[in-house]
Amino acid sequence: MEFLANNLAPIMFFGLVVFLLSGFPITFSLAANGLLFAVAGIALGVLDPNLMRALPSRIYGILTNDTLLAIPFFTFMGLILERSKMAEDLLKVIGQLFGPIRGGLAYAVILVGMLLAATTGVVAASVIAMGLISLPLMLQYGYNKRVATGVIASSGTLAQIIPPSLVLIILASQLNKPVGAMYEAAILPGLLLAGMYMVYILIVSIVKPSWVPALPKSARIFNPTKFGSGVQSLLFMMLLTLCVAYGFYVTVTRDVSEQHFLYGADTIEDSLGRAKILAAAFSISVVYALAKINQLAKFNLLSDMAERVIFVLIPPLALIFLVLGTVLLGIATPTEGGALGALGAILLALAKGRLNFGLTKQAVDSTLKLTSFVLFILIGSTVFNLVFQGVKGDKWVEHLLLAIPGGEIGFLIVINLLIFFLAFFLEFFELSFILVPLIAPVAEKLGIDLVWLGVLLAVNMQTSFMHPPFGFALFYLRSVAPKEVKTSDIYMGAIPFVIIQLIMVALIIAVPSIVPTEQSRAKAKAIESGVTAPAPTSGSLNLDLGNGTTPQKASPSLDLTPNDKATKPAEAQIESKPEPTKNSTTPQLDFIPAK
């Protein structure tokens, strides 16, 4: 009995692993494991029975968590856009745009994957839509089966890392960090990862050009106009967009100063950020209006390609600005941004004449199913985490991880290797709700920025969709792939992109500035000004799944200024002599199942 009492935490953890490997649903695995060991802990005298009284309030706290309200809004937005055939329109137009070059269809799939990720955030919808539309076309024009399936599956998983990713919302909730900060930090890594996919296609087009041929002339749409070819008129409209945006930005920011901010802004940086969003929105609105006038008046100044690109690309881009722009600038919360996105998706579908009762019913039904799924997962994880912390499981994990040699780098390598191998068997839900609350306090004690860590984990968890043979993106693609495409082709095609994702993980660890966060910017400014940046506050992170707003304990300061002498103990005054210090401001740091 003494052995059980002293080792209840590790036994509980490995008991959960047995539950999961047995195929038992994760929700019931977490809850059953927690309740079972709660009884055992109380019987052995290592768990305070009064702790279980906090369980109802924590479960109620899930329902009052404003951050999690963004999940149904973003899910509904993605489902409306996916069922209104936005992916089909984008693939047809961008495929024609890049078709004349080798690997053009592959580039188009990657770009469409980025746009779908930034508007829907739904991996399943992206992979299935692109698999149904692009894969038959790519095979028809001679693309290698492995390259075609690999690029489709990997591009669909970009919804994991590019905002408004539902995964980032989950991680923000688990790490007790703002969703907006997580979104802002994930944009650059997401774009860089998509760029690495394109570089791979470029290398394939050079080494094995027969694997990624260009579209034949008979399949291209180039209708010359009196203003020039399709490409020329499109380039002109792009240049016009940039000029209008620049002119608007200069005009709006001309009077911005320390005494005059833009409406609703609090600082110069905030004013400039809002001006950039307004300039982008105004410029694309002007270009869209000009293209519409040209179409209605039949001036024939633009080619069919230019018109189609404008009419197909600008609406989703406007939706991206509406959602992400307002969230990143602090104009709206993620929940409000999700609501705006859902409304915008309805208006886009309505404008294209594709909104009907059946489509709306399907979207609402799927959204309710997902929301219920997430809710039960959260309840199960709340039960598990409460009991696990009650039997000192957090201290056991902390001792285990802090004993890893190599400090911060050793910790990051071990954690990422662990997540990579567990992703062969577990979904990102299990990884997020089980592992993240356990490793976050240790990471904070090591001085790791939790927003940076969240983005790193999101990139690593992305591989869970691509792992042969259990990657869900591969299952989605297999369900819509033609019969001539073997399952082995899909598996082999995914391997290069999994390697690219791992390279991205290593790159983030080696060059942390790839993930821009408030803490990293504060350090950079401190270095430029010659002031030492404030060290991260160490201590235990209270990961309350109830409302995510549990106050953090402030570390006591040992910096005694002259004004403190009268109130500090004499021995403290002797040990810590007051020295003049520069004032510094501690930076405010600030889920359709993705599988």
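In case you wondered, yes, glycine gets a Cβ from its N, Cα and C as well.
Residues or ranges marked as compositional bias 'Polar residues' by TrEMBL: 535-560.
For 14-249 (among others), the entry in TrEMBL reads domain 'TRAP C4-dicarboxylate transport system permease DctM subunit'.
As annotated by TrEMBL, domain 'TRAP C4-dicarboxylate transport system permease DctM subunit' applies to 277-514 (among others).
Among the features that TrEMBL reports, region 'Disordered' is placed at 528-595.
Taken from TrEMBL, the feature transmembrane segment covers 7-24 (among others).
Sequence-distant neighbours of the transmembrane segment (59-81) (same chain, 6+ residues past either end, Cβ-Cβ under 8 Å): 116, 119-122, 125, 164, 166, 169, 172-173, 179, 316, 319, 323, 333-335, 337-339, 341-342, 344-346, 348-349, 355, 359-360, 362-364, 366-368, 370-371, 374-375, 378-379, 382, 544-548, 591-592. The transmembrane segment annotation in TrEMBL covers 59-81 (among others).
The transmembrane segment annotation in TrEMBL covers 105-135 (among others). Counting same-chain residues at least six beyond the ends of the transmembrane segment (105-135), those with a Cβ under 8 angstroms from any Cβ of the stretch are 74-75, 77-79, 81-82, 86-88, 90-92, 94-95, 97-99, 141, 143, 147-149, 151-166, 190-191, 194, 197-198, 201, 212, 215, 313, 316-317, 319-320, 323-324, 341, 345, 465, 472-473, 476-477, 479-482, 485, 592-595.
Residues of the same chain lying 6 or more positions beyond the ends of the transmembrane segment (147-173) and with a Cβ under 8 Å from any Cβ of it are 65, 67-68, 70-71, 74-75, 106, 109-110, 112-114, 116-118, 120-124, 126-127, 130-131, 134-135, 138-139, 179, 181-183, 186-187, 189-191, 193-194, 197, 201, 204, 211-212, 323-324, 327, 334, 337-338, 341, 428-429, 432-433, 436, 454-455, 457-459, 461-462, 465-466, 471, 473-474, 476-477, 481, 485, 489-490, 492-497, 500-501, 545, 548, 591-592, 594. Positions annotated as transmembrane segment by TrEMBL: 147-173 (among others).
The transmembrane segment annotation in TrEMBL covers 185-207 (among others). Counting only same-chain residues 6+ beyond the ends of the transmembrane segment (185-207), those with a CB under 8 A from a CB of the stretch are 102-103, 106-107, 110-111, 113-114, 117, 147, 151, 154-155, 158, 161-163, 165, 168, 451-452, 454-455, 458-459, 496-497, 500-501, 503-504, 507-508, 514-517.
Per TrEMBL, transmembrane segment is recorded for 227-252 (among others). Sequence-distant contacts of the transmembrane segment (227-252) (same chain, six or more residues past either end, CB-CB distance under 8 Å): 97, 221, 262, 275-276, 278-280, 282-284, 286-287, 290-291, 300-306, 309-310.
If you look up TrEMBL, you'll see 272-290 (among others) marked as transmembrane segment. Tertiary neighbourhood of the transmembrane segment (272-290): same-chain residues 237, 240-242, 244-246, 248-249, 252-253, 256, 262, 264-265, 310-311, 314, 317-318, 321, 325-326, 328-329, 331, selected by CB-CB distance under 8 Å and a gap of 6+ residues from either end.
According to TrEMBL, the feature transmembrane segment maps to 310-332 (among others).
Nonlocal intrachain contacts for the transmembrane segment (338-355), taken as residues 6+ away from its ends with a CB within less than 8 angstroms of a stretch CB, comprise 69-74, 76-78, 80-81, 83-86, 119, 164, 315-316, 318-319, 322-323, 326, 332. Taken from TrEMBL, the feature transmembrane segment applies to 338-355 (among others).
The annotation transmembrane segment is assigned in TrEMBL to 367-389 (among others). Only residues 6 or more beyond the boundaries of the transmembrane segment (367-389), in the same chain, are considered here, and those with a CB under 8 A from a CB of the stretch are 9, 12-13, 16, 26-31, 33-35, 37-38, 41, 47, 51-52, 54-55, 58-59, 62, 68, 71-72, 75-76, 79, 429, 433-434, 437, 543, 545-546, 591-593.
Within its own chain, the transmembrane segment (409-438) is flanked in space by residues 16, 20-21, 26, 30, 160, 167, 170-171, 174-175, 377-378, 380-381, 384-385, 393-394, 397, 401, 446, 448, 456-457, 460-461, 463-465, 467, 470, 472, 502, 505, 509, 543, 545, 591, 593-595, which lie at least six positions past its ends and keep a Cβ under 8 Å from the stretch. The feature transmembrane segment is assigned by TrEMBL to 409-438 (among others).
Residues 145-151, 153-154, 185-186, 188-189, 192-193, 196-197, 200, 409, 412-413, 416, 420, 451-452, 455-456, 459-460, 462-463, 466-469, 471, 473-474, 477-478, 481, 524 of the same chain lie 6 or more positions beyond the ends of the transmembrane segment (490-515) yet place their CB under 8 Å from a CB of it. Feature annotation from TrEMBL assigns transmembrane segment to 490-515 (among others).
Within the chain, the transmembrane segment (7-24) has long-range Cβ neighbours (under 8 A, six or more residues past its boundaries) at 30, 32-33, 36-37, 40-41, 44, 46, 384, 387-388, 391-393, 395-397, 425-426, 430, 434.
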